[in-house]
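S.K.: Below are the structure tokens for one structure; questions will follow.
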Amino acid sequence: PRQRVQTLQCGQGAVRAARFNVDGNYCLTCGSDKTLKLWNPHKGTALRTYQGHGYEVLDAAGSCDNSQICSGGADKAVALWDVTTGQVVRKYRGHAGVRRGRGRCEALGPRDPDGVRDEPPRHRGTPRTGDPLNLPPPHSSVDGRVRRYDLRTGQLCSDYIGSPITSVCFSKDGQCVLAASLDSTLRLLDKDTGELLGEYTGHRSTTYRLDCVLNEQDTHVGCASEDGHVYFWDLVEGSLALSLPVGQGVVQSLAFHPRLSCLLAATQGQVTLWREDTFQPEGDPS
């Protein structure tokens, strides 16, 4: 995606995270002003504001049936929200602290309060233990390890990267894990063996927790950068495919649409929506 088609002025202070819902029709933005907002980003419309965290909201995710939202905050709590009423259904407490970076929430299934994780934000080698039977969200850590936990058996699978890790995600087929780290390197790992499949460099990541993504077809990998750009590389060849200028400050969050060539990028207090060059907005006569 190279064409900016929408800019959301969120009015939430700094936007800590922007996330698509399960079908990509809506998105969530998390603000330093303690609010969570639901948007139709394709039309640039704010739909609802959720208030209930005691400190800034760090990340959020929608359930698979779009009926609930979970969000994690710097108040050390994970909140489960009813989308329609805007009310907090339940709060989960017990975290001992919050790191300087941002957390990551994942909703594993519809109406499943137990399927919510808080992932501490933020090095190569692959000592591993266990062999998980399913694909729970991978966890990144400042100790340089990517960990996966089997929720049913309690087994742990761990890969050592070597630099503090800021973000991880699965490929669409679930066979690879993409990890971004503070040595300004993006790495692609085989999920089952931990083998290093590819390395991607050119962006700047030395201080902040920055998101990494794969596009909707798993043909390109992308990462936010501290220089105000988003970088995309060819997954197989490793060559730089795109350097997208998003803004003047650090690009704080990224989200790729599940089906379309469509990207959300958050920088400072706004979120921008990007589409492919051939995309024509509704009502555009050209």
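Cβ coordinates come from backbone N, Cα and C, glycine included.
Predicted, not measured: the structure shown is a model, and the values here were computed from it.
Grabbed the feature section from TrEMBL, which reads as follows:
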type	residues	note
REPEAT	8-49	repeat 'WD'
REPEAT	50-91	repeat 'WD'
REGION	102-144	region 'Disordered'
COMPBIAS	103-122	compositional bias 'Basic and acidic residues'
S.K.: Across the repeat 'WD' (50-91), what does the pLDDT come to on average, as a whole number?
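M.R.: Averaged over the repeat 'WD' (50-91), per-residue pLDDT gives 96.
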S.K.: Of the residues in the repeat 'WD' (50-91), how many are helix, strand and coil by DSSP?
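M.R.: Tallied per class, the repeat 'WD' (50-91) gives 0 helix, 23 strand, 19 coil.
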